[in-house]
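Engineer: For 37-39, 43-49, 271-272, 279-281, the entry in TrEMBL reads ATP binding site. Per TrEMBL, L-glutamine binding site is recorded for Asp69, Tyr223. According to TrEMBL, the domain 'Glutamyl/glutaminyl-tRNA synthetase class Ib catalytic' annotation covers 29-347. The annotation domain 'Glutamyl/glutaminyl-tRNA synthetase class Ib anti-codon binding' is assigned in TrEMBL to 350-451. Residues annotated as domain 'tRNA synthetases class I (E and Q) anti-codon binding' in TrEMBL: 468-544. What TrEMBL lists as motif ''KMSKS' region' is 278-282.
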Amino acid sequence: MPEVNEKTEYMDFIREAVAEDLRTGRFKEVHTRFPPEPNGWLHIGHAKALFVDFGVAQDFGGKCNLRMDDTNPEKEDMEYVEAIQRDIKWLGFDWEDRLFFASDYYETLYELACKLIRKGLAYVDDLDEEQIKEYRGTNVPDKNNITYTPPGKNSPWRDRSIEENLDLFARMRAGEFPDGSKTLRAKIDMAHPNLLMRDPVMYRIRRMPHYRTGNTWCIYPMYDFAHPLSDAIEGITHSLCSLEYEIHRPLYDWFVSNCEVFPSRQIEFARLNITHTVLSKRWLLQLVREKKVSGWDDPRMPTIAGMRRRGYSAAGIRDFLGRIGIAKTDSMVDIQLLEHCIREDLNASAQRYMAVLNPVKLVIENWPQGRVEWLDAVNNPENPQAGMRKIPFSGTLYIERDDFRENPPPKYYRLYPGNQVRLRYGYIITCTGFDKDPATGEVTEIRCTYDPATKGGDAPDNRKVKGTIHWVSADHAVPFEARLYDYLFEAERPMEVSEGKTFIDNLSDHSLTVEKRAVAEPALRELAVGQTVQFERLGYFCKDPDSTNERAVFNRTVTLKDSWTKLEKKLLANG
Ligand code: ATP
Ligand code: MG
């Protein structure tokens, strides 16, 4: 047990296990891997796996490989390989020169399969997919409704001779048999209580070009066979994976031990689940295919690319991953914790600007005709080194439509006829009147007077006004489009659906609101795509790649209101 002081944190169970393996000499070093299948873009759940795989290696002075687990020609693509690498780099993890592909091991895997045949531990089967399933058996409830698993049935082809199996397997590879007509299966135990151990399929025949090996192969290894052996080929000491692979572990160990290869050890940890979203490539792919979102990098997606486009910072995401920790049982993490981490990081780093999302005109009646004043504004109150900038102030401004009410509700401290507010960095104004469109009832213009003695907050009379509102000078306003996001799914757990419904039915119909008439101070022009800033009072915003020279597009990353801290206090109070 490590000594407990301020600097020593308790290790999680994975680090405990790894430390134990080093102590006992089971392994001399630590070598992990992150093994995505290139059949989709990475999501925040994968980021957790990256955090664990790279983190454990780093903590023990070891290495971490990046391996594309690409043994299924049907769904894999170079597009995904590239996106995966881009996202891992952006998150700040570095595999250096250790990028590998399971498809590079096809020949070795084939040899290992032959080795199992020669040991009498694998056979070529003529049963088709349906029959294999039927022979294997399934879990059934007994008369007390307790699940049990009656033994399966041996395939009639199970006892072929080694010579015949070697010959048939070679001819499967040579393309002599049609797709699906034969498989290679491990010979384990058709009565095993774990269904995965009932002679699992190792190879299937599939005539489909693979994105890397083309038409070289017409047989492809199954995941349960390819994965442990790929780990072994790379000398992976600790094969860390999510909990759903726990039930595969006996099979993992069976292949490792019977192929007599490097004895990698599999350890499972809890999958990350987050409220109001789904974390599975299969479901995310469905959203993309059915055009429920604009693509894998839609800012509402829980993908790394979506989060980056939305303006989430890599540092904020890593902070979140560190806080949720590593557990042995699956749990659901509140999305507000993720937002909280992003907000905290951006609060420290993002430069402030003034913008108005839904503008209404404000005319200062006593402002000298044509005069422009350049006011001093603080770039980031959290970081004095960010300095100051000048923003133009004039007699015609835009303010937020929502910052004015003809009839204010109680405790409304913003603008209404007769009331005073401060214009951020500028003057105190008094509302003197307004115009309405008689047809629509919409306010078209607000009028006010300003007090020249109240500039910048240090009024000589020290007058206190309760409200401060933001504004943009009309003559200097830079138009842009603002995209405001809400949760992709209204339900906290989108996968929990009533009968006849799917998670698609849980999609929110207001996850995206577009403000096409937004305006901002001139400095907005200098921002590059991908930069995240704070628009005062409105939230953090990130410049989107859809921006053109004429018109910028900004995604709202997250609002300023933090409900997490409150929620956390409530949770703590309730024990
Ligand atoms: P999905 O369920 O999204 O399709 P997957 O498990 O099929 O994911 P892989 O490409 O096989 O995706 O995953 C690569 C690694 O990421 C695996 O080690 C897997 O255990 C891990 N992983 C995937 N999803 C999560 C998650 N939600 N939380 C933690 N780890 C995850
Ligand atoms: Mg998988």
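Quick reminder: no glycine exception, Cβ is built from N, Cα and C everywhere.
Just so you know, TrEMBL annotations never went through curation; they're auto-generated.
Here the structure is a predicted model, which means the values were calculated and not measured.
A description of the local structural setting of each listed feature is requested, covering burial, neighbours and distances.
Structural biologist: Lys281 (ATP binding site) carries a helical DSSP state (H, G or I).
On its own chain, Tyr223 (L-glutamine binding site) has Asp69, Thr71, Asn72 as residues at least 6 apart in sequence with a Cβ closer than 8 Å to its own Cβ.
Summarised as a single figure, the pLDDT of the domain 'tRNA synthetases class I (E and Q) anti-codon binding' (468-544) averages 96.
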Engineer: Listed binding-site residues: Glu37, Asn39, Ile44, Tyr223. Which have a CB under 6 angstroms from an atom of ligand 1?
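Structural biologist: List returned for ligand 1: Glu37.
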Engineer: I want to check the contact list for Glu37 (ATP binding site): same chain, sequence separation of six or more, C-beta distance under 8 angstroms. What comes out?
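Structural biologist: Listed in sequence order: Met68, Asp69, Asp70, Asn72, Lys75, Glu76.
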Engineer: What does the DSSP secondary structure composition of the domain 'Glutamyl/glutaminyl-tRNA synthetase class Ib anti-codon binding' (350-451) look like, as residue counts for helix, strand and coil?
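Structural biologist: So the domain 'Glutamyl/glutaminyl-tRNA synthetase class Ib anti-codon binding' (350-451) is made up of 6 helix, 52 strand, 44 coil.
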Engineer: Looking at Cβ-Cβ distances, which residues of the chain lie under 8 angstroms from Lys48 (ATP binding site) while being 6 or more apart from it?
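Structural biologist: Once residues fewer than 6 apart are set aside, Lys48 (ATP binding site) is near Leu272, Leu321, Ile324.
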Engineer: Got a sec? Which of these binding-site residues, Ile44, Leu279, has the most Cβ atoms within 10 Å?
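Structural biologist: Compared across Ile44, Leu279, the most Cβ atoms within 10 Å surround Ile44.
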Engineer: With DSSP as the yardstick, break the domain 'tRNA synthetases class I (E and Q) anti-codon binding' (468-544) down into helix, strand and coil residue counts.
Structural biologist: 12 helix, 33 strand, 32 coil
